[in-house]
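Peer 1: Copied straight from TrEMBL:
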{"type": "DOMAIN", "residues": "A:84-296", "note": "domain 'ABC transmembrane type-1'"}
{"type": "TRANSMEM", "residues": "A:25-54", "note": "transmembrane segment"}
{"type": "TRANSMEM", "residues": "A:88-109", "note": "transmembrane segment"}
{"type": "TRANSMEM", "residues": "A:121-142", "note": "transmembrane segment"}
{"type": "TRANSMEM", "residues": "A:170-192", "note": "transmembrane segment"}
{"type": "TRANSMEM", "residues": "A:223-243", "note": "transmembrane segment"}
{"type": "TRANSMEM", "residues": "A:277-297", "note": "transmembrane segment"}
Amino acid sequence: MEPTLSRSVETNGKIRPKQRLSIDYVGYAMIAPGYLIYFLFIFIPLVVGVYYSFTNYNFYSAPEFVGLQNYARLLQDALFGKAMYNTFIYALFTIVPQLFLGLILAVLLNGKLFGRVFSRASIYIPNVTSMVAVSMIWLWIYDPALGILNRMIKVFGIDPIQWLYNPNTAMMAVVIMSIWKSLGYTMIVYLAGLQSIPSSLYEAAHMDGASKIRQFFSITIPMLKPTTFFILVMSCINSFMVFEQVNIMTAGGPLNSTTTVVHQIYLRGFQDFQMGYASAMAIVLFLITLVITLINFKYGNQGDDLDVD
Amino acid sequence: MGKLRSRSMGLVVMSVVLLAVSLVMLTPFLIMVLTSFKTMGEIQSPTFSLFPKVWHFDNYAEALSRGDWLKYFYNSFVVTIITVVISLVLNSMAGYSFARLRFPGRDILFFSVLIGIMVPAQTTMIPTFLMMKQFPLAGGNNLFGQDGIGFINSYTGLILPFIAGSFGIFLCRQFFLNFPRALDEASQIDGASKFRVFYQIYLPLSKPILATLAIFKTTSAWNDYMWPLIMTNTEGMRTVQLGLTIFRGETNVEWNLLMAATTLVVLPLVVLFLAAQKYFVQGIVTTGLKA
């Protein structure tokens, strides 16, 4: 968002002195409807959410101010700790393979290969379909008795695995599905990054006799650093929001092995009606997102690097 | 000559590898579609075959009869279309003003909009739900938001939080910033009002950004699960995503019917994606963001 600022200053600077005086009050009218909705349904709820996080609120009686009590309870809540841990594990194991595979696929798809358009579409399609639909499909794939995965490993003489019903494999099963779902996004963003690298760099390296592999490590990887950073930040934020696949496929189980932060917010807020406590969790979630986003602004030069065709 | 041949051999190998990856990526969808045509008997049989022995097209009719699917699809279409139309109008108008007009407080207003981009929907979900429930004079509520259900179980409740788009306003503003200043000046000399300049000059030129935003909004509204889950509690207000979870509730899942319903829910967006692929990919590339 930094380039935005500098650009708007530039635009203002170009205005001639005579025009400087003209103020378009019609601007207020044109912004009003969009801004009002934003203000009512994002800004106010955020402020109110902070307030609720300091209260005991069970939905049926008026909120009662309790200070930092909810946050103190968060620190001692073993289930929330487990959810935090699971969320971190989920993030780690989805993001790393996704970065790696996304980069390789983008590099391959950047070349003039046969069936390039088809490949791009097939890799991206999981990303446009809903998480609910995708979870249903993978529930079927992971089905212990009839699912295709266990039927396939049976061919190799491996006993059926209770993918989603075993605390040791459930999270990994969710992770694998999530990598499949979001790989296309990483690939597309990397593709954009690759296209922004000036081809003259490769030509010069070619003249100097650098091999393709050498070029990849000395030009491609360093030039893609901002893109990688951007994907890393976006994936971190998205990983912290993980809910749908967990709620649908495992309901947080077995033995809480897949419960996540947002899943806990949902359970505490909308099943136990502990709106105050759930709000405290939501605020913690927001703070984590905020820190990640700010790191992105500071080091990532977001937008600058991706503003290419 | 030899070097050239080994180079083209490499391309062939890489093309084959990519094709294999593409097929692996498509396999889950393939399984979904093929299962949707099988009978439960065939699904449960110990001998497995990928393709159905007999293609049972009536699975689709059967799946749709489990639940009020006509209503779910209708609800999802209504919510998605209204969300997209309203947010395109409001966001482009606000984006234009932020980018091209000058008035006191503009930059502060814009900064407050930017904050919204960093707020995950899950953070504001509880207060937003309570606001919807306690909305004054809605759904039998009195002036203080009591006694009724507010916007719960209503299209308004489903739609309102989705049209509130920091991201949309930001996207449109960025797009309009790149227009040449001369465009405004020329129309100003002609004496056109700012609003006319917007809808007669800017709007027709902003098809790419409107298409991008429309696609983002369509996918997020059509695919959403959590907000309808919280916001609705009657059969008649369910959306397609919630409809899918009905099959899951049963102890013995009828996979063929579930996969048929899933296919139908997935289909509109896959078609949209294939039709708008160019805009879609471009939209992601230029913004790097997904709404």
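Including glycine, each Cβ sits where the backbone N, Cα and C put it.
TrEMBL does not curate its annotations; it predicts them automatically.
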Peer 1: Rank A:25-54, A:88-109, A:121-142, A:277-297 by Cβ pairs under 8 Å to the transmembrane segment (A:223-243) and hand me the top one.
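Peer 2: Stretch with maximum Cβ contacts: A:88-109.
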Peer 1: So, taking each listed stretch (A:25-54, A:88-109, A:121-142, A:170-192) in turn and counting its Cβ pairs to the transmembrane segment (A:277-297) that are under 8 angstroms, which one gives the highest count?
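Peer 2: Per the Cβ count, the answer is A:25-54.
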Peer 1: Can you work out which residues elsewhere in the same chain, 6+ from the ends of the transmembrane segment (A:170-192), have a Cβ less than 8 Å from its Cβ atoms?
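Peer 2: Contacts with the transmembrane segment (A:170-192): 86, 89-90, 93-94, 97-99, 101-103, 105-107, 109-110, 120, 123-127, 131, 134-135, 138, 142, 163-164, 224, 227, 230-231, 234-235, 238, 242, 245-246, 249-250, 253-254, 257-258, 306, 308-309.
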